[in-house]
Amino acid sequence: MLRRGSQALRRFSTGRVYFKNKLKLALIGQSLFGQEVYSHLRKEGHRVVGVFTVPDMDGKADPLALAAEKDGTPVFKFPRWRVKGKTIKEVVEAYRSVDAELNVLPFCTQFIPMDVIDSPKHGSIIYHPSILPRHRGPSAINWTLIMGDKKAGFSVFWGDAGLDTGPILLQRSCDVEPNDTVDALYNRFLFPEGIKAMVEAVQLIADGKAPRTPQPEEGATYEHTRKKENAKISWDQSAEVLHNWIRGHDKVPGAWTEINGQMVTFYGSSLLSSSVPPGEPLEIKGAKKPGLVTKNGLVLFGNDGKALMVRNLQFEDGKMIPASQYFSGGETSVVELTPEEMKVAETIKAIWAGILSNIPVIEDSTDFFKSGGRSMDVARLIEEIRQKCGGLQLQSEDVYLATKFKDFIQKIVRKLRGEDQEAELVVDYVSKEVNEMTVNMPYQCFINGQFIDADDGKTYDTINPTDGSTICKVSYASLVDVDKAVAAAKDAFENGEWGRMNARERGRLMYRLADLLEENQEELATIEALDSGAVYTLALKTHIGMSVQTFRYFAGWCDKIQGSTIPINQARPNYNLTFTKKEPLGVCAIIIPWNYPLMMLAWKSAACLAAGNTLVLKPAQVTPLTALKFAELSAKAGFPKGVVNIIPGSGGIAGQRLSEHPDIRKLGFTGSTLIGKQIMKSCAVSNLKKVSLELGGKSPLIIFNDCEIDKAVRMGMGAVFFNKGENCIAAGRLFVEESIHDEFVTRVVEEIKKMKIGDPLDRSTDHGPQNHKAHLEKLLQYCEAGVKEGATLVYGGRQVQRPGFFMEPTVFTNVDDHMYLAKEESFGPIMVISKFQNGDIDGVLKRANNTEYGLASGVFTRDINKAMYVSEKLEAGTVFINTYNKTDVAAPFGGVKQSGFGKDLGEEALNEYLKIKTVTLEY
């Protein structure tokens, strides 16, 4: 009895529809949109008492009619509701027989009489794809784009005697992206959000909470239906206006012009943000400047000198071709099908036959649209092929470009063979002849597989620290650019090829990227030297060399990420299986510092990508160039659009937006402790995103008197002066045992005097410029503070008298524990030495640990027992024994205390970019 009672309760409590007011509805309209609204309303418990739609076309019922008939809902198919302005009596009687309480018009092309609109208890509500009162009329989406509106949206309004003039029930809006088409806007927002809004509107009415807000007349517009004869392009306008005109007419009715005496319709317009690629001129009637047929499409010019590009052209006979193939007529060779490809062709033939049900036999010459296929059938065709052909992804234009069955199969086969790849990446370089080579440097934001200018056009100078000159202007990403990059990464993860790609294929792409980094290592090292001041030979070995190793290491991990099977208590007589899965998080943000621009990128992004995430990376503002070069190489390696996005700019704008963005699920940051705390707070307040932080350090290096002194001097100098001291694990404080202190200092100074300071591209240079001017000034102030507090400046402490941001390697001794130099990180070529009493191991350990930082540490001694004891007691994420700076891609790296948390490198780094799901089943 108890069991039966609980089942009854469960049936009652899970049916959310029983707790809401419900209505009897008449649905008047058509299309997939109408079908989805119908299905969702039924799921919410409303009763659809009648569906009123259009008659069958070419023997095919409308999708709304098909869904209703399947459910047993009464369906009425009237060609019209009135004749010569008078209502047809039989039609109205049929309508009134269903006794609806509310009319719902999700999409309706028929004129519905007012006695039907007003008939139900609650009247009628209508969906309209614009933010009323703007763009009243049947072509509202087209006009939103034609007029260049920055916002699009829809309205659900109460029906009245006017044309789209009734009171507003609710409205929703979205941003219009620069290259949105009617299809893109509809599919991204108007369709999915419109369905939700119609269901919400009906429930508001059922609950008696629906508003009736009169439409204002201010801002009201009415635009007529777009027709082919009115869609001719007027060329004496700006590129943006031309672009809006073309995309506003895409796909119906199609903006057109006259070329060589015939009408040619343009599709797939986008504004050209990079330089104009080379191409073959094409005279266009009325245009002041010829177009250019390029390998990517047809470039057109506005009267403002700016350019746009169209991807596809359609001729008067209906034939559509890629614009890049204009002079070849779009002709391609016929490919012979393999037995496997023949099976795919048969599957697709069956899909065509199911859609074109009025055609008895699908032949090679069967034309999809001439045989009754409509725009709504294109979406069905694409979806069925995806489901039945191994996830093959098509776009609407693939159907429009190959309307005959034979041509369509040829297109499919080329896609399957990888012969139908996207056009080559367009990169606008800044080129320099330097280091006996031509260095090509991208300088724009890299978003969704394209290099583009910042949305507001802003740029900033990136400076060569060797002489203070400007290398080039770089795009300065705005908040809009950040949002675009995140949206691209989210779409790539949720809907793109990357999210469906198997792990081994992901690894193959990463191996390919590692190969490209290695093939371009001299150019990358040269860019690193120019942009960050890194000594070229060091950049080649470490900055670039370790980046290559990192991508190869994590490429090998892609197909080895796995969960575990867990034995749990069995609830007899049933058995249970419990296992865990490791899954990617989604969109990850990565913010990297300026000391190792490419290597820090590799440390974080390789693990992120290996785990299956997509990323938006912000390089340091002062060193963006190798990150942008990396973006170019990632595209050449074959990474799908949106997987890798690079946004140069400021931390205060772009970095802050990343930490606050609700669609980002993880943020990895390397930088200062102060900024790390701000980021952690923003990540928590926004959406509690996962965080890993590699922050400041004051790494202690303890040198005992039983060490190998030559090695201690050599490696102690490397611990401080490696990469000009701009090294997160640099030994921020050396503790040298009293009995060898003076000898150690003397030998260090002798070695410093041998170091060559100079041009980082000179192969004999040991010590290059500091990264940027502000950092050099900070280091000089650091030295001044040390002298004022009484520390002994043994060597250096000054700027080198030459152009650029050079500083002398510096040595301080007699640094007491309370001094600024003993507590704060310099992040520069400044050796801070304190002595400790002979034999006082625990005393020096206490002093070494007396810091809020804990990134790295080191010890030099021949006594292995002493070394192990010290390594156990030191509070740091890494301990080096008789070595320093020895990092490896397989060894986890990260700090403790205020040096942060989380790991880069090694298997542990993968866990920073994964989530664990537990699955339990009963059998």
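Just so you know, glycine gets a Cβ as well, placed from its N, Cα and C.
Annotated (6R)-10-formyltetrahydrofolate binding site per TrEMBL: GLN110, PHE111, ILE112, ASP164, in sequence order.
Annotated active site, proton donor per TrEMBL: HIS128 (among others), in sequence order.
Here TrEMBL flags ASP164 as site 'Essential for catalytic activity'.
Look at TrEMBL and you will find 210-229 tagged as region 'Disordered'.
Marked as domain 'Carrier' by TrEMBL: 339-416.
Non-local neighbourhood of LYS778 (NADP(+) binding site): GLY828, each in the same chain, at least six residues away, with C-beta under 8 Å from its C-beta. What TrEMBL records for 592-594, 618-621, 651-656, 671-672, LYS778, 825-827 is NADP(+) binding site.
In the shown protein chains, 28 other C-beta atoms lie within 10 A of the C-beta of GLU694 (active site). For GLU694, the entry in TrEMBL reads active site.
Sequence annotations record features per position, and here TrEMBL assigns active site, proton acceptor to GLU694.
Annotation comment: TrEMBL describes CYS728 (among others) as active site, proton donor.
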Composition by DSSP (helix, strand, coil) of residues within the domain 'Carrier' (339-416): 48 helix, 2 strand, 28 coil
For the region 'Disordered' (210-229), distant same-chain residues with Cβ under 8 A (at least six beyond the ends): 132-140, 142-143, 157-158, 163-170, 201, 204, 248-249, 252-254, 256
Under 8 Å by Cβ from PHE827 (NADP(+) binding site), counting only residues of that chain that are 6 or more apart: ASN595, GLY725, GLU726, ASN727, ALA730, HIS775, LEU779
Site with most surrounding Cβ atoms, counting all protein chains shown within 10 Å, from the recorded positions ILE112, ILE592, ILE653, CYS728: ILE592
Shell of the (6R)-10-formyltetrahydrofolate site beyond GLN110, PHE111, ILE112, ASP164, same chain only (C-beta within 8 angstroms of their C-beta centre): LEU105, CYS108, THR109
Site of maximum Cβ density within 10 Å, from recorded positions HIS128, LYS618: LYS618
Other CB atoms, at most 10 A from the CB of GLN656 (NADP(+) binding site): 18
Mean of pLDDT values spanning the domain 'Carrier' (339-416): 84
Number of other Cβ atoms within 10 Å of the Cβ of ASP164 ((6R)-10-formyltetrahydrofolate binding site) across all protein chains: 21
